[in-house]
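Chemist: What TrEMBL lists as active site, proton acceptor is 27, 245. Residues or ranges marked as substrate binding site by TrEMBL: 125, 298. Under the heading domain 'Alanine racemase C-terminal', TrEMBL lists 224-355. Per TrEMBL, N6-(pyridoxal phosphate)lysine is recorded for 27.
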Ligand SMILES: *Cc1c(COP(=O)(O)O)cnc(C)c1O
């Protein structure tokens, strides 16, 4: 895990977004990369505002960063206002009942506690309806607390030219005008790249910090993860023999197969395996790209190393699944998924090394 690359990526986005503030989204254990290492590195680089999804993630982050501003994107679970306030966490309030509960808590305590108001502009997942947002803006002084952020989330920013993106921008711009003095935030990584209009007062990048593709067709920033797995043995396989569970791939020639110590329990998706009908993912061994063969097992995968010179592959050597030109999104494409899922699925059995930062 290259913390220096994450920090560099944050600095790049921060410079692009200025004068808007650049926050960092570190939900799901910093997209699987390790919040305990990633968040302090970003804080040292100058990030002041962080987003997590759950209360528990917020509590963990508060222990790591006593002075950061921390928002909890999934909002206010019933009865958890005291826990949020005790840890100075700010929920993204995304429904009328959540706002009522937070207001009641603040009034009972006689204190205003900061929270974000999340307005839906077309995602239909979390957030106030426009009608509710308008009603709220008319009765803001009855709230009992001062909103510290007005936010919404883009549904299609990763797809250039999607009409929903411009519609969301126009709706959010109108709503933001109704909340003068409240900082506004619309953009995730992809939205940040879309241009000044999308950046408002604060941007909320996640995937772009971690070396993933944010907008299809736009190259990622510095890659962050390298994933190596040991070769356990190299075997000769006769022409016509099949490799692995289900005999899913039959060798068309006499082959050398390296059996590698990584499987779907480690987040190498079973969908990235190969069959006679479709190729799978690739691994780099001895500097060369080699195809995976047959199904991926829980703890093992097989790689065809027939093309490598004799003696180039040894028991105990490494196969690289991510890095050296294989990006998170390359592996994702071979697995029928997105870079986000590859990162957040990285398993718990790896030895993790953090460098830089
Ligand atoms: C996850 C998330 C982000 C970050 O999205 P990326 O596409 O990873 O940049 C921003 N805002 C909200 C509301 C999110 O849920």
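Going from the start of the chain as shown, residues are counted 1 onward.
Glycine is no exception: its Cβ is also placed from the backbone N, Cα and C atoms.
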Chemist: Fewest other C-beta atoms within 10 angstroms of its own C-beta: which of the recorded positions 27, 125 fits that?
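Modeler: If we count Cβ atoms within 10 Å for the recorded positions 27, 125, the smallest count is at 125.
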Chemist: According to DSSP, does residue 125 (substrate binding site) fall in a helix, a strand, or coil?
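Modeler: Looking at the DSSP assignment, residue 125 (substrate binding site) belongs to neither helix nor strand, so coil.
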Chemist: Which Cβ among the recorded positions (245, 298) has the fewest C-beta neighbours inside 10 Å?
Modeler: 298
Chemist: Could you tell me how many residues in the domain 'Alanine racemase C-terminal' (224-355) are helical, how many are strand and how many are coil under DSSP?
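Modeler: Helix, strand, coil within the domain 'Alanine racemase C-terminal' (224-355): 22 helix, 43 strand, 67 coil.
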Chemist: So, in DSSP terms, is residue 27 (active site, proton acceptor) helix, strand, or coil?
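Modeler: Helix, per DSSP.
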Chemist: Using C-alpha atoms only, work out the spacing between residue 125 (substrate binding site) and residue 27 (active site, proton acceptor) and round it to an integer in Å.
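Modeler: Rounded to a whole number, the Cα-Cα distance is 17 Å.
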